[in-house]
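A quick write-up on the structure given underneath.
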Amino acid sequence: MGKYIVWILVAWMFSLLAVVYIRRILVHPDFSLHDDARFSRLRSQQHQIVVPTLVDENGNHVSYDIINSRKRTRRDVHSSSESASDIRRLHYKLSAYGSEFHLNLSLNTNLVTRNFLVEYMDEHGVSHRHRTVDDCHYHGHVAGHDISSVAISNCKGLHGLISTAEADYFLEPIHDFSSNTFEGHPHVIYKRDSESKHRYNEDGDCGVTDSDEVKKTWWMTNSDFSFAEQVMKKHPHHNHHHRHPQHHHQHHHKRRRRRREVSSMSSELNVETLVVADKLMNSYHDDYIESYLLTLMNIVADLYHDASVGNNINIVISRIILVLQDQKDLALGHHADMSLQSFCQWQRNLRSPENISSEKDGNIQKHDNAVLITRYDICMLRNQPCGTIGLAPVGVMCNPGQSCNINEDTGLATAFTIAHEIGHNFGMKHDGDGNACGTRGGIMADQITENTDPFAWSACSMEYIRNYIDSGKANCLDNPPELVSYSFPTAMPGELVDGDHQCRLQYGPEVKACKTNSICRELTCLKPGSRSCWRTNTPAAEGTRCQTPNTPVGWCYEGDCVPYGERPQAVDGGWGAWSEWSSCSRTCGGGVTMSERQCDNPRPSHRGIFCTGERSLYKSCNIDECPSNSRDFRTIQCSNFNNEPYRGRYYFWEPYVSQDIGPCELTCITSGGEHFRKVNKIVDGTRCYPEKIKPEVLDICINKKCHPVGCDKILGSDVREDKCRICGGDGSTCETVSKNYTKTLSAGDYHEIFTIPRGSVHISIEEMTASRNYLALKSVNNDYYLNAEWIIDWPKAYDVSGTTFKYERPDQGVESLTALGPINEELIVMLLVQEDQQGISYSYNQPVTRQGSGDDEVVFIWHWSSWSVCSSTCAGGESIAEVQCIRYDDKTVVSDTFCNAGTKPSRRKQACNTEPCPPVWSDGPWCECSQTCGGGHKTRTVLCMTKVTQLEEEVVDESQCTKRKPIDRMNCNMQECPPQWVADAWSSCVPSCGLGHQTRRVKCLNSNGEPYPNMCNWGNRPSAIRECQTAGCPPPRWVAGEWSECNSNCGRGQQQRQVRCLSYNNVPLSPAYCKRSLKPHAQQQCESPCVSRPTEEDDCQDAPSVQYCPLVVKYKFCNNEYFRKMCCHSCSSR
């Protein structure tokens, strides 16, 4: 059968595009294998030799030529070949195991951009790159089988997997086949190991135990694992739009436009993504690294297609970089913060025009977000392994220098981490972090536990990302990239990578999945030598085989074990009905009301497309002016802080008014000027700018964005004031007076310059040259309003004669007075002369009386205004020339309705102030306090940064920041801790050997060490005594006392002594503790000498009646007093 037979596992079926990290196995005729265990299983299976044929859709034979070697580059999107359509749908037929398989296949398409590029980088830079795509990757089904799936590559024969309800089959070509026995190309087909096929149906035989070691935290860090049928750039979904019940037209002038509402849009967004794998990743995943990365990102893209995210977001891969060796400017390691900072800077440099233009083949796709995947065990704030698995800046999507994240590779669950960290880039906070979504939590939960819903985004996550998009910070995602056909599997990840393999990807070889009923909610793994399962806190991949009492043969789908093959069709979302208008945000002065609709008719499900189009509408309400004695609306909002303690004290707060404050920002200051506070979200309907700063601007804030308001106070209206301050007027009711006053005036007195008529508007008075002279204002009744009686007032805004005059006197500039008007009385402009005056320039528009409207006398034309002030003083601002409708005679602005709308040109834009901003200190958020009370410390990152563009910042050397560096460490939680139990150190063990006890003092103390014995909970009092045991003691021993006196006064007797069992320290013990064989005698015989007394011989005689005295002597009973008396003579003579 030839010299070689090539067996190639599932990953090769998709030519590195579908299956992750499955080793190829080369089989030589002598059976020398790279994986002997795997080959032994293959040999045990009954394989068959088959010859597939190309057939038509009806199963009729077409050809034995089954190989498709067609190639193209990623950029070759539209093929001109007539046969291009021939390869998009193919049919094959083969017979094996008593069955006929008719394979109905379609070419997989679309996930990457047109300029998608894969680059390999060694120590010298890019070593090689490729863009080629093989049009030979298919998916489909087996005709006639209700439950089946096929994933086949026909690049060099048929490689792939045929899955039916009965069995799974591997199909592989036999290369170098030289026999003439077969016509066509022979292949080998074999069933997947029946043992592995059914082992999911067995009852689990290992317990599940908690393990804190695997509960890794998401930093600044879920989803389901299902593959999309085709992960591609989808065209906007055309839903039926319900007409709002209150849409209407309202005219203010016979040629004016209708009123308009402002809308919040749901649009399709495209996150063009750079994916980078470090050298450890490349070493670990080897030849299948590309396939692995594409599979992870395919899952991430699928997560962002879930309807719960509330927006239509596509994750599109634009570039993959595989780092083979350390890079000069990319420092990676265990320290997550430093690694992320280095990676963000490195990927920012990849965006630079110099790097892109230097590429040999050009057309490198730019990216909106950069994802780093590493095999380092990363850790927050420490350069050592720990539980961190992801880190990302919050709210930086579209910021070229910060839209990036770092993710630790943990197998297919890495997709959870990537989706989570990209969520942070989108401005999402953790579920439960200052919001009400922490009870269960979804993809943005700070930890994934068995209670987390890993297949959906929480309502808070949807709100965060919606606010971020509505704020305009995600505008870089509006441009749809060109896509290219790209093959991806239709099979779900769990079908391609079973539970055992998922555990091996996360924990290494020889690890297996535990057989549990809850594998779809949490995958648990069994390590060699362990008797309990290791919790991963992540669900098994979608499609993983499972078994429950109600589902004997199932697979995982969205966290549940459902019957195998059950996979609901995707349902695209449709808009529901508009809601009623909400209550007005203000009671007077112009507020807004909102109507919104939900994407719930139907709600998108099973990865259906989310609705696009208008999501919410806003319109003006309560536009009447507030009473004259009303407080300013910004003042009201700041006063809400009055009832909140700030740093332990209460203050009165008022708006801080400054030219430096941007639109829709509100900063409050204490009445004494000690402290500042920024309002997080200004109330909808608030003027974009304080009236004292820009009284002529009526635009209002909605969701922190400034929206135009016409002079009719209607949101979205383009009706403007004319030069006479008539809303929608044509400028015919006033005339402009513009003159220069240059008369010589004597010094040391006030001089009248001119009189402003009552009703005048757009008043402007200005010195022609800076001087020590001062402008003054008074009425015709000689009442001074400004700079009276040689007392010079501070430059600020003054309410005079029914309008506000803005008085300015810059140090190096000319003095000026401006007012919008109209004034309700005549005003006389005076000049306090202290030196020769060089002239006063003034202008105003005064009322006139005319016959008719003036429409027949004046021509109106479109005209570009002068360039606006640059929107930024540095880092690239924008200057705009607006299109205005003007009177041809005097060039004054009128409402757009007077000009022909069909000929209106576009406004002009130009870049300005493109130089970088001066470096300033940038401080990050404070970390948590090290102590909850009693005085701890907290730290933050403080960097010297320069703003390069409006979306890009760069870290520079600290010496370039001229101001004092903000503190990066401070004390916190200095409040006294409540009394608590404090225990001294344990005493020495008593006794010094063997079992004993230790004691310690336990006292209730406050943080100052003072005793509070009744203030602590006695139920939590630590123990004051415990058992202990030190070195072994000497064994117990027998100790004998002194012998007693002999109990015989004469002759033999008995004596005794006390024998006790004592411990090494002479403590009496039970005799059982001492060895019996060593016990000394406690009794012995003794003999006392007999003492003779002189007596009468007759007195010591044997009793006459006693015949046994010889026996008493013989048996030594003389010691007994009775026998000695009865046998006195015998006993005495012995």
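Here the Cβ of each residue, glycine as well, is placed from N, Cα and C on the backbone.
Keep in mind that what you see is a predicted model, and the values were worked out from it rather than measured.
The active site feature in TrEMBL is assigned to Glu421. Glu421 (active site) falls within a helical segment according to DSSP.
The annotation Ca(2+) 1 binding site is assigned in TrEMBL to Glu272, Asp361, Asp368, Cys476. Counting only residues at least six positions away in the same chain, the Cβ atoms of Asn270, Val271, Glu272, Thr273, Met397, Cys398, Ser403, Cys476, Leu477 sit under 8 Å from the Cβ of Asp368 (Ca(2+) 1 binding site).
The Cβ neighbour count for His424 (Zn(2+) binding site), using a 10 Å radius over every protein chain in view, is 25. Taken from TrEMBL, the feature Zn(2+) binding site applies to His420, His424, His430.
Counted within 10 Å of its Cβ, the other Cβ atoms near Cys344 (disulfide bond) come to 23, all protein chains included. According to TrEMBL, the disulfide bond annotation covers Cys344-Cys404 (among others).
In sequence order, His334, His335, Ala336, Pro385, Cys386, Gly387, Thr388 make up the list of same-chain residues 6 or more apart from Cys379 (disulfide bond) whose Cβ falls under 8 Å from its Cβ. Under the DSSP three-state reduction, Cys379 (disulfide bond) is assigned to strand. Residues annotated as disulfide bond in TrEMBL: Cys379-Cys386 (among others).
The annotation disulfide bond is assigned in TrEMBL to Cys398-Cys476 (among others). The secondary structure of Cys476 (Ca(2+) 1 binding site), as reduced to three states from DSSP, is helical.
What TrEMBL records for Cys437-Cys460 (among others) is disulfide bond. Within 10 Å of the C-beta atom of Cys460 (disulfide bond) sit 22 other C-beta atoms, taking all shown protein chains into account.
The disulfide bond annotation in TrEMBL covers Cys503-Cys525 (among others). Counting only same-chain residues at least 6 apart in sequence, those with a Cβ under 8 Å from the Cβ of Cys503 (disulfide bond) are Gly411, Val511, Lys512, Ala513, Leu523, Cys525, Leu526, Thr536.
Residues annotated as disulfide bond in TrEMBL: Cys514-Cys533 (among others).
Taken from TrEMBL, the feature disulfide bond covers Cys520-Cys556 (among others).
If you look up TrEMBL, you'll see Cys546-Cys561 (among others) marked as disulfide bond. In this structure, Cys546 (disulfide bond) is part of a beta strand by DSSP.
Positions annotated as disulfide bond by TrEMBL: Cys584-Cys621 (among others). Cys621 (disulfide bond) has a Cβ environment of 19 other Cβ atoms inside 10 Å.
According to TrEMBL, the feature disulfide bond maps to Cys588-Cys626 (among others). The local packing around Cys588 (disulfide bond), expressed as other Cβ atoms within 10 Å of its Cβ over all shown chains, amounts to 14.
Look at TrEMBL and you will find Cys599-Cys611 (among others) tagged as disulfide bond. Secondary structure from DSSP puts Cys599 (disulfide bond) in coil.
Under the heading domain 'Peptidase M12B', TrEMBL lists 269-481. For the domain 'Peptidase M12B' (269-481), the model's average pLDDT works out to 83.
Positions annotated as domain 'PLAC' by TrEMBL: 1096-1134. Taken residue by residue, the domain 'PLAC' (1096-1134) breaks down under DSSP into 20 helix, 2 strand, 17 coil.
Every protein chain shown contributes to the tally, and the Cβ of Cys437 (disulfide bond) ends up with 23 other Cβ atoms within 10 Å. Reduced to three states, the DSSP call for Cys386 (disulfide bond) is coil. Nearest in space to Cys514 (disulfide bond), taking C-alpha to C-alpha distance over the recorded positions His420, Glu421, His424, His430, is His420. Here the Cβ of Cys386 (disulfide bond) has 15 other Cβ atoms within 10 Å, regardless of which shown protein chain they belong to. For the pair Cys546 (disulfide bond) and Cys556 (disulfide bond), the C-alpha distance works out to 6 angstrom. Of the listed disulfide-bonded residues, namely Cys533, Cys546, the sparsest CB environment within 10 A is found at Cys533. Comparing Cys561 (disulfide bond) with Cys404 (disulfide bond), their Cα atoms are 35 Å apart once rounded. For His424 (Zn(2+) binding site) paired with Cys437 (disulfide bond), the C-alpha to C-alpha distance reads 16 Å. DSSP assigns Cys533 (disulfide bond) to a strand in the three-state reduction. Its Cβ taken as reference, His420 (Zn(2+) binding site) is surrounded by 31 other Cβ atoms within 10 Å in the chains shown. Between the C-alpha atoms of Cys621 (disulfide bond) and Cys611 (disulfide bond), the distance comes to 28 Å.
Put simply, Cys533 (disulfide bond) is 15 Å from Cys520 (disulfide bond) when counted between their Cα atoms.
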